[in-house]
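Trainee: This is the structure I have questions about; it appears just below.
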Amino acid sequence: MAALRDTYNDPVHIAVIGGTGLRELPHFTQVASLNITTPWGPPSSPITILHHTCSTSGKVVPVAFLSRHGLHHEYAPHEVPARANIAALRSIGVRSIVAFSAVGSLQEAIKPRDFVVPDQVIDRTKGVRPWTFFEGGAVAHVGFADPFDEQMAKVVRACGHSLEGDGVVLHDRGTLICMEGPQFSTRAESNLYRSWGGSIINMSCIPEAKLAREAEIAYQMICMSTDYDCWHSEAADVTVDMVMANMKMNSVNARNFIGAVLDELTKDEHAALVQAKHLEGTCKFGLSTSPGYLSAEALTKLSWLFPGYFSNN
């Protein structure tokens, strides 16, 4: 196999962030591998540029793929360089992200190997992870009432037909608990989250979703249930082996689902969504720091992320 290019000149509007069990997308043509350094450091993996041929139109569309936990799963949840990941993707043109995550189920109806398209998040991280691009002399407040992009969610939900297997269900909505980790929940915590109305639990959504919103990127997570966490009286408590076994058994479904979503997103009717036209300017107009008072460091970093957005003039 020829070496991949280390540059790619065309804008790439769509990205997939792979998590546990989804570290690559087979049947896509790899054309480039980009090593990008951002003001927040390097991302967790090189960004692979894939050419995706839409099954309906035959159109070839570039898609960026980034491995959240690194090529060899070397980043713990609290160590993932989320700011660098989101910044690097935006720098190559990405304006829409489909993120994948294994999750524990907090509800009987969400069985292992079911899929969930969450619409809400409860943040149970502990402030260890940097969660904003605005600091050190720049303050902005961006809305996060609906943490996922509803337009993206509609596209994802419409692709549930790609799922196969007896009893595999796509749940259209759900509240995702994002915990700190890397240890799994205590039984008391698991039951507490259930009492709050939590549907599923992971360690990856925050700050990824918050940073995507600040970066004006349409973001939707696709979750695959692998276990019942530790609340279920008749099911074994979650272990890494359990998670990976269910991921392996359902890997074809996961990849087919992602492929179906990419097929749909590459249609011309979704061009405005893919470029997140509905989010343009939300960050710029969320800035609270008075003009002329951005610190030099903050201005340098923000100008890298948003060329032409901010100035001290």
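Quick reminder: no glycine exception, Cβ is built from N, Cα and C everywhere.
Since this is a predicted model, take the numbers as computed values, not measurements.
Taken from Swiss-Prot, the feature phosphate binding site applies to Thr20, Arg68, His69, Ser101, Ala102, Ser204. The site 'Important for substrate specificity' annotation in Swiss-Prot covers Ser185, Val240 and rests on sequence analysis. Per Swiss-Prot, the feature substrate binding site maps to Met203, Asp227, Tyr228, Asp229; the stated evidence is sequence analysis.
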Trainee: Counting other Cβ atoms within 10 Å of each residue's Cβ, which of the binding-site residues Asp227, Asp229 comes out lowest?
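Mentor: Lowest Cβ count within 10 Å among the binding-site residues (Asp227, Asp229) is Asp227.
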Trainee: Work through the recorded positions one by one (Ala102, Met203, Val240) and point out the residue whose CB has the fewest other CB atoms within 10 angstroms.
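Mentor: Counting other Cβ atoms within 10 Å of each of the recorded positions Ala102, Met203, Val240 gives the minimum at Val240.
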Trainee: If you measure from the CA of Asp229 (substrate binding site) out to 10 Å, which recorded positions from the list Arg68, Ser185, Ser204 are inside that radius?
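Mentor: Ser185, listed in sequence order.
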Trainee: Let me check the 10 A CB neighbour count of Ser204 (phosphate binding site). How many other CB atoms are there?
Mentor: 26
Trainee: Record lists Met203, Asp227, Tyr228, Asp229 as binding substrate; longest Cα-Cα distance in Å?
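Mentor: Overall maximum Cα spacing for these binding residues reaches 15 Å.
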Trainee: In terms of DSSP three-state secondary structure, what is the assignment for Val240 (site 'Important for substrate specificity')?
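Mentor: Assignment for Val240 (site 'Important for substrate specificity') reads helix.
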Trainee: Can you tell me how many other Cβ atoms are located within 10 Å of the Cβ belonging to His69 (phosphate binding site)?
Mentor: 19
Trainee: If you measure C-alpha to C-alpha, which of Arg68, His69, Ser101, Ala102, Val240 (recorded positions) come within 10 angstroms of Met203 (substrate binding site)?
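Mentor: So the list reads Ser101, Ala102.
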